[in-house]
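Participant: First the structure, then my questions, so here it is.
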Amino acid sequence: MDNPTSSTERYKPSINIAQAPRIMAPLLYLGTAYVFLAAGAWMLFRYRADVSQGAYGVPGVIMMVHLFTLGFLSMTALGILHQWIPVVFDVPPLGLRRVVFNFALYVAGFLGFACGFAYDWWPVVAASGSALAVAILWWSSGVISQLRRSPKPRDAVYWGISAAVLGFNVVWVLGLFMAASFLGWWPEYQVLRVHIATALGAWMGILVLTVQQKLNPMFSMSKAQGVRFALPLAFVGAGIVLAWLSLFTSTRLLTLGAVLWVVGTVVTISQLLAVLRQGKAQSFDRVFIGVGMAWILFLAAAIVSMELNPLAMILAFWGFFTLILSYQGRILPFIVAVAVAKRLPGPVYKAFFMAQAMHPKNLPVIMAIGGCAGAVFMVWGRLAHHPALVGVSAGVAALLLLLQIGGVVLAMRAGHKQGPPARS
């Protein structure tokens, strides 16, 4: 294996690592996301009987879903973007004080919101939901400000992040529609479907499609020539718009939107293979095994969603779970490596190569196998109305989380051996 110096002479990433924020900013969100994921796994086990019967309206199940979406998924996304946006768009990071206050407001709002749902405390839900909306708006204003100040061209990455930020805000706006539906002002299940489609598609889906435009070429050392990354964004985005329009027409538009999601997913998988074929890395990065499994789960979810089947949500959840933990096996060592590289002589972008020596090579393979197993057990448990199988899927989620934390600890120890981290 080449040393970092010789490797950097041949490859220089198209990002400005010098703009990376203090390590505390992303780790604050990512660490809290793990706590919410652990709580969500416990809630899944506790309410395994309700989930196996499809009783998704039970307050505890609603709390569990939000622990995964607003807790794990969104907190992870916010943490990654605090690191990713400055280095990709070559702009200064948001101030640490602002990040911490925004984090505190988000967490306080979310905890009140989730607990209010669990115990039918509707005034608490209203107050906490308002605080959560303010936190999202505050974060969004910071990101939009960074994008506007970026010297980078306004390409598919720029518009993808902008669309994801918009989607994140539409999620809480649709929450107001949900409140109206509870009062009988709107068809409840139709609003619920669009609310879920917006959270998983317009927010997390578009965000993943955008971020991986940089991650996949970087991990495979590919120039991705001829790959039109805007294409799947267009299909998925059009599907989301149809889902929104279905609120005012019929569910047929939502079904048509699901067809576009299938097309967008197929295009994404083909583009992933094209990027890998152009890769110049000395060896195959196993992170793509986890990423590939995630996109298989996404494809299954998109196909099932054409029938407006709630199983699509389960498949999508496990797809995001697998994708995030697989990517984090590379991203977290990179965050640590950047902190270390800033204190060592030489170009700071050597952190990319330092990170390659700081992660467990087979962790994404374990995530792929575990993610597939968890999805199978949970779907099987739902179809067979068997709580024990749903409980097994909760155990799989908890086990994968423990393995992920172990991988993070190994990365930290490897980083400590290479040098002291930058001050947080």
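Our numbering is plain: 1 for the first residue shown, then up by one each step along the chain.
Using the three backbone atoms N, Cα and C, a Cβ is placed for every residue, glycine included.
The transmembrane segment annotation in TrEMBL covers 27-45, 57-78, 99-119, 125-144, 156-186, 192-209, 229-247, 253-275, 287-306, 312-341, 362-383, 389-411.
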Participant: Apart from its near flanks, which chain residues at least 6 from the ends of the transmembrane segment (253-275) lie with a Cβ under 8 angstroms of it?
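Facilitator: Residues 193-194, 197, 201, 205, 209, 212, 216-217, 220, 222, 224, 226-229, 231-236, 238-243, 245-246, 288, 291-292, 295, 298-299, 302-303, 305-308 contact the transmembrane segment (253-275) from elsewhere in the chain.
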Participant: Counting only pairs 6 or more apart in sequence, are there at least 3 Cβ pairs under 8 Å between the transmembrane segment (312-341) and the transmembrane segment (125-144)?
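Facilitator: Judged by the Cβ rule, the two regions do not touch, with the required three close pairs absent.
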Participant: Using a Cβ-Cβ cut-off of under 8 Å, list the residues of the same chain that are 6+ residues beyond the ends of the transmembrane segment (229-247) and lie near it.
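Facilitator: Same-chain contacts beyond the ends: 155-157, 159-160, 163, 167, 170, 177, 186, 190-191, 193-194, 197-198, 201-202, 205-206, 209-210, 213, 253-254, 256-261, 263-265, 267-268, 271.
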Participant: Near the transmembrane segment (192-209), which same-chain residues lie under 8 Å Cβ to Cβ, leaving out any that are not at least 6 residues past its ends?
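Facilitator: Beyond its ends, the transmembrane segment (192-209) has Cβ neighbours at 69, 73-74, 77, 160-161, 163-164, 166-168, 170-171, 174-175, 177-178, 181, 229, 232-233, 236-237, 239-240, 243-244, 246-247, 251, 254, 257, 261, 264, 268, 305, 308, 313, 316, 320, 323.
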Participant: Let me spell it out: take the transmembrane segment (57-78), skip the flanking residues so only those 6+ beyond its ends count, and list any with a Cβ under 8 Å from a Cβ in it.
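Facilitator: Residues packing against the transmembrane segment (57-78) from afar: 29-30, 32-34, 36-37, 39-40, 43-44, 46-47, 50-51, 106, 110, 113-115, 117-120, 132, 139, 168, 199-200, 203-204, 207, 317, 320-321, 324, 328.
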Participant: Which sequence positions outside the transmembrane segment (125-144), separated from its termini by at least 6 residues, show Cβ-Cβ distances below 8 Å to it?
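Facilitator: Residues packing against the transmembrane segment (125-144) from afar: 70, 78, 81, 85, 94, 98, 102, 105-106, 108-113, 116-117, 161-162, 165, 168-169, 172, 175, 179.
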Participant: Please indicate, using numbers and ranges, the residues of the same chain that are 6 or more beyond the transmembrane segment (27-45) and have a C-beta under 8 Å from a C-beta there.
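Facilitator: 51, 60-61, 63-64, 67-68, 71-73, 75-76, 78-80, 82, 99-100, 103, 107, 328, 332, 335, 390-391, 393-395, 397-398, 401, 404-405.
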